[in-house]
Amino acid sequence: MTPRSRLATLGTVILLVCFCAGAAHSRGDTFQTSSSPTPPGSSSKAPTKPGEEASGPKSVDFYQFRVCSASITGELFRFNLEQTCPDTKDKYHQEGILLVYKKNIVPHIFKVRRYRKIATSVTVYRGLTESAITNKYELPRPVPLYEISHMDSTYQCFSSMKVNVNGVENTFTDRDDVNTTVFLQPVEGLTDNIQRYFSQPVIYAEPGWFPGIYRVRTTVNCEIVDMIARSAEPYNYFVTSLGDTVEVSPFCYNESSCSTTPSNKNGLSVQVVLNHTVVTYSDRGTSPTPQNRIFVETGAYTLSWASESKTTAVCPLALWKTFPRSIQTTHEDSFHFVANEITATFTAPLTPVANFTDTYSCLTSDINTTLNASKAKLASTHVPNGTVQYFHTTGGLYLVWQPMSAINLTHAQGDSGNPTSSPPPSASPMTTSASRRKRRSASTAAAGGGGSTDNLSYTQLQFAYDKLRDGINQVLEELSRAWCREQVRDNLMWYELSKINPTSVMTAIYGRPVSAKFVGDAISVTECINVDQSSVNIHKSLRTNSKDVCYARPLVTFKFLNSSNLFTGQLGARNEIILTNNQVETCKDTCEHYFITRNETLVYKDYAYLRTINTTDISTLNTFIALNLSFIQNIDFKAIELYSSAEKRLASSVFDLETMFREYNYYTHRLAGLREDLDNTIDMNKERFVRDLSEIVADLGGIGKTVVNVASSVVTLCGSLVTGFINFIKHPLGGMLMIIIVIAIILIIFMLSRRTNTIAQAPVKMIYPDVDRRAPPSGGAPTREEIKNILLGMHQLQQEERQKADDLKKSTPSVFQRTANGLRQRLRGYKPLTQSLDISPETGE
C-alpha cells in the first residue's frame, strides 16, 4: 500500500469514527426492542408440552429490562456448611395410634348476671309557650342481696332505692311516687349473648303545670343483664361482654380465695351464697335446682356467676389431631413420630412423661373415648401392643401414644381354622427384622406340625412379604442417605461458586433476577429494579472514541419508571442493565457478537449491528437428565395449622369489642329522643315559630310569602342581636365593661336620689347654699306672712316667664317652615337684608 493510499485509508477511518460518535450523540444508532415479549420459539416452533424442556427462560422476570446494582444494602444470607445426614439404618419402627394435644389458648367463657338500680334525675323547665330539659343526672348503684333473691326468683323489684352520698342518705322513688313492687320486662337487643331486663325503660320528664318554674323528675329503673364473661390464664380476673372488668378469679370459691370481708384490696365486696335459686324468665315462679353462686359488689353494680371447679371447667391442653395410623421410629436419643396425614415429624425424648394422668386429669375421659373409637376402626387389622404412653415434644406438644401390632397372616389363618378360639396374645415389641423372622419361623414350625398344605402356603407368603419389606426399606434408607449426602455436597459447591459470581448463584437459587455480593462472610442479596420497558434503546455500534478500544456489550439508554431523566448503561446478561460502561475489549479485525434480548438475538459483526434473529434458531445444550418417577406417590405438603382462626381470635383478647360497641351504640340510640330534648326545647323554638307562621299565611300567595320573609328576617335579626349581646357579655373585656357600666349607673342613681331628697327637704338652701350664713337685716327679721308673699311672688314670676317662653316658642316657625319660606322667597327673587351694626335689632333705628 502506497503512502498516499494509506493516508486516504486513515482519513476514511477517522471520518467514520467521527461520524459514529456524532451519530451516537444524536441517538441515530439506537433502536427499540418490542415491548410485548413472546415466549421463545413461538414463531418457528410448536409450543413446549408439559414435561419437556423449554428452550428459553421460564420466568417472566428474565424478559424484563432491569437494574440490579442500584441498591447498596440487602438481605443477608449464609450457607449452612455444618449440615449432617441422619443415619436411619437398623431403626425400630412401631405402628400405633397418636393423639396430639396442644396448649389451650382459648379463654374460659362462662355466664354472668349483672344487677343494678339506676336513679335518673331530670330537671324540666316550664315556660309560657315552651318546655325544656335543662339537666339530667344518672346515679347507678348495686342492688342489695335480699332484693337480688327476689329478682332472680320472680323478676320483681322495688321502685325505690336508697343512696348514700357524702354521708347523707337519700331515697329515690320512681315517678316521685310511693315504693311499690314492679315487674322486670325483657328488652330487645342486637346480640344473642346479651339479654337485658328493665323495670322502667321510659324516662320520666313531664314538666310542671305552672309557667316559669322548674321540676325535678325521678326515674328508678331496675336492671338485669345476662351476658357472658371471659377469663384468660392465669384466671385472676375476667371481662364481661359489656366491657366491665372484675379483678376476681372466676374460680375463687373453689380456690378459697374469695374475700368475705365488706371490702378487699380491690375495693370489691365478694360474697358466696350457697343454694341460691336462679330461674329463667319463661320459668319464673318455679323452683329449679339451687346452686352456689359468687356475688361481687362494686360501687355501681353487682355481678354473680355460678361457682365452678377449675379442674373441670378449664383444661390446660386441647386435642389438636388424631392419627389412627402413625409410626414411631426409635433413634439414639429420641422418638420420631410420623403420619401420612401431615408432612411433619414430632420429636420427643425417650423418657415418657410421668404422672400425666394425675396432672391432666381433665383429659382422661377424652383420651379414653378417642382411643376406643380409633381401636374400633382398626380392630380388623391391628390389636393393641402395650399400654398407653405419654411424651412431651420439643415444640411444646403432648403426645398420647398407643402402640398397635398388625394381625399377621398366621393369626388370620388360625382364626379361619378355629373361629371359636380367642385371638393369640400380642407379641412384645421387637428390635430388628432378624428377630421378627426368627420368632415367626419358630411359630411357623410349631403351626406346621399338623402337616397342612395351607400352612406352608401361608408361611411362604409371609416370608416373601418380610423379605420384600426389608429389601424395600433398605433401598429407601440408602436412597435417603445418598440424597442427603448429595445435598450437602451441592451446598458446598454452591458456596464455592458464589465466591466467583455470587449474583448468578443467588439468581439460580431464588429463581428470579437478584443482585448479590459478598459482605465479609455473608452474602447481601437485593431485588432488581424494572425500568420503563418502552424507553430502552440499544446502540447499534460497539465502537468507542478510542480506535483500539471497543465495547464488549452494547450501550443502552433507558428511563426509570415515573422518571423523565435519561440514563446510560450497558446491556448485561439476560436483559440486565449495567449502570457502568467499563466492559470493553481490544478491537479485532473480524468478530461477531450475539446478544439475547427477550425472544430475539441481536447479531453484531465487526462491532456494528447486522441483523436480528430468533433466539430459538440457536441450539441449546441439553444438560438435564430425565428421571421418570411417576410410579412413586407424591406427597403434597400442606400448611399445618396448630390453632384455628377462631381460637386465635378468642385468645387475642378477652375483650369482645364487637359486642361491646354494638350494644353500646344500640343502648345509646335508644335515648336519642331524650338527648335531642337536652339540646333543644320540647314545645316551641324559633324554627318552629317561623314554620307555623308560614303555614298560616300560605294561602295569601305572594303577600303571604313577603310577610313570612319579613317576619323571619325580623326574628332572625332580633335573635342575632340578642346572641351578639350575649356573646359580647361572655367575652372577658365585654363582661368587665358591662360590670363597670352597671356600677356607674348604680352610683348615678344613688347620687340623683340623694339630690332629690335634699331638694325635697330644703329647696331654698339647695338654690342658695349660703343662706344660713347671711346675717339678718338691721330692720329686724321678716315675718312669716312676708316670707310667704315673697315665695308666692317668686312662683308667680317663674310661671309668667315660663308662659312667655312657651308663647314665643309657639309663635316661632319651625325649622321645616323656615326652610320652606326661605326656598319660596329665593324662588321669587328675594334676598335677605344685611343689618348695620349700629342699628338696634329691636327698634330698627
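Along the chain as shown, residues are numbered 1 onward.
The backbone N, Cα and C atoms fix where each Cβ goes, and this holds for glycine too.
Just so it is clear, the model here is predicted, and its values are computed rather than measured.
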Per Swiss-Prot, the range holding region 'Involved in fusion and/or binding to host membrane', considering 124-130, 502-508, 565-571, 593-599: 124-130
Matching range for Swiss-Prot feature annotation, region 'Hydrophobic membrane proximal region', among 625-677, 678-730, 731-783: 678-730
Least surrounded among the disulfide-bonded residues, given as CYS68, CYS157, CYS528, when other CB atoms within 10 Å are counted: CYS68
Mean of pLDDT values spanning the topological domain 'Virion surface' (27-732): 76
Secondary structure of ASN355 (N-linked glycosylation site) (DSSP, helix/strand/coil): coil
Sparsest Cβ surroundings (other CB atoms within 10 Å) among the glycosylation sites ASN385, ASN599: ASN385
Length of the line joining the Cα atoms of ASN599 (N-linked glycosylation site) and CYS362 (disulfide bond), in Å: 67
Three-state secondary structure, which DSSP defines for CYS362 (disulfide bond): helix
Alpha-carbon spacing, CYS484 (disulfide bond) to CYS587 (disulfide bond), which is rounded to whole Å: 49
Integer Å distance between the CA atoms belonging to CYS587 (disulfide bond) and CYS315 (disulfide bond): 81
